[in-house]
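Here is the structure we will look at, set down as structure tokens.
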């Protein structure tokens, strides 16, 4: 008879429910450089202590379940469990608190944003002991960052490809977003590009509909790009939306774009999914395509102040998954966006090292080491009179993406693009001369109007 091997599972196992805080609340824990750290805004059900709710979040997003199980003894919970290590109140909100949770790195698959989110937010948000839960921020350790390719190219490589320096880039979303034939769509692209824009863009829901199939759109847009390049002597691009119903179809569209010789494609990274986005990002790196990212569906996730995820988390995830541009809000346009908070996640997209700064919503210091940066795209509801503020707020490494602010010009698309370009160059020139864009912006634009055709 073979000898019996004694395990923890066979010694003193006690079935039953016990409080989460007995195992998962560890205020004495000192976080490791390799831990993924999360800041959750917790709104518990009445009568539940913060320590128990914070521990519940840590448990249900890592190794825990609602009861003690025999197989807990077959592993090392101390090694693999998430830990709620700190709790702090939310100023002005009596019923809310911030729970800080540390996750051991071994809980996550390397190079997979999909797995990271499945673990951290995949299940716990439906926990009935919580009235609401919001993931405010994540600290991604260097050890995990280094398992990701990140953006296909990054800011400096994009500027080198386009041969454009010292100013923000200009873009325009073609409108109406749905209903144009491919040929008329291409004409609209051409008019904008020849007028002075650097890019035009497919709207997020332009994929391959009966009125305009993707292949026809790609062909007519490529014609517009080459014609406008020949006329202006500048490199131009159109964000060809490769988003599709399957990853295979998405890659087929990206392959066709590469064969046409265009510089950039586009993906809706939230509706398309992180696995699809990372797949496309790797293809773009390997084949020299820039990748523009649209955040369609983000407000479903990030708009509520007490439930969901803040966009800074989605921005960090995009930098890991891969994209050269991403829409980031405008501060001055028609969509929501507080200046300091917006600039906080803009820095998280562009910079290599970002210090903790709670006034800007940054809960953790983030070191991206060698991961390339992402260009923020300011879009929605902006026009030439916003140009001084946009230039001051976003700086040179940005894309200012117009729509009606170009196409709504009474003389048409090309004059609208000229107006955008003249306004931008006037603001950049004034800034470089030391003028105050915030105080003198209106005067700068009026001066530019005198000489604009």
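Note: Cβ is positioned from N, Cα and C throughout, glycine not excepted.
Here Swiss-Prot flags 175 (among others) as active site, proton acceptor, drawing on sequence analysis. Long-range neighbours of residue 175 (active site, proton acceptor) (same chain, six or more residues apart, CB within less than 8 Å of its CB): 203, 403, 404, 407.
DSSP assigns residue 294 (active site, proton acceptor) to a strand. Swiss-Prot lists 294 (among others) with the feature active site, proton acceptor.
Around residue 327 (substrate binding site), the same-chain residues at least 6 positions away in sequence with a Cβ under 8 Å from its Cβ are 293, 294, 295, 376, 377, 379, 380, 401. Taken from Swiss-Prot, the feature substrate binding site covers 123, 173, 177, 295, 327, 379, and the record attributes it to sequence analysis.
Per Swiss-Prot, the feature Mg(2+) binding site maps to 201, 203, 204; the stated evidence is sequence analysis. The secondary structure of residue 201 (Mg(2+) binding site), as reduced to three states from DSSP, is extended strand. A 10 Å cutoff on Cβ-Cβ distances gives residue 201 (Mg(2+) binding site) a total of 31 other Cβ atoms nearby, all chains included.
What Swiss-Prot lists as N-acetylproline is 3, and the listing cites sequence analysis.
Taken from Swiss-Prot, the feature N6,N6,N6-trimethyllysine applies to 14.
Marked as N6-carboxylysine by Swiss-Prot on the basis of sequence analysis: 201.
According to Swiss-Prot, the feature site 'Transition state stabilizer' maps to 334, an assignment based on sequence analysis.
Listed binding-site residues: 123, 173, 379. The one with the lowest count of other Cβ atoms within 10 Å of its Cβ is 123. Distance noted between the C-alpha atoms of residue 204 (Mg(2+) binding site) and residue 123 (substrate binding site) is 28 Å. Here the binding-site residues are 203, 204, and the one with the most other Cβ atoms within 10 Å of its Cβ is 204. Sequence-ordered, the extra residues of this chain that approach the Mg(2+) site, with Cβ no more than 8 Å from the Cβ center of 201, 203, 204, are 173, 174, 177, 202, 205, 206, 239, 241, 266, 294. Within the same chain, the residues at least 6 positions away from residue 177 (substrate binding site) whose Cβ sits under 8 Å from its Cβ are 203, 205, 206, listed in sequence order. Pairwise Cα distances among 123, 173, 177, 295, 327, 379, the recorded substrate-binding residues, top out at 36 Å. Highest Cβ count within 10 Å among the recorded positions 294, 295: 294. Reported as a whole number, the C-alpha separation between residue 201 (Mg(2+) binding site) and residue 123 (substrate binding site) equals 36 Å.
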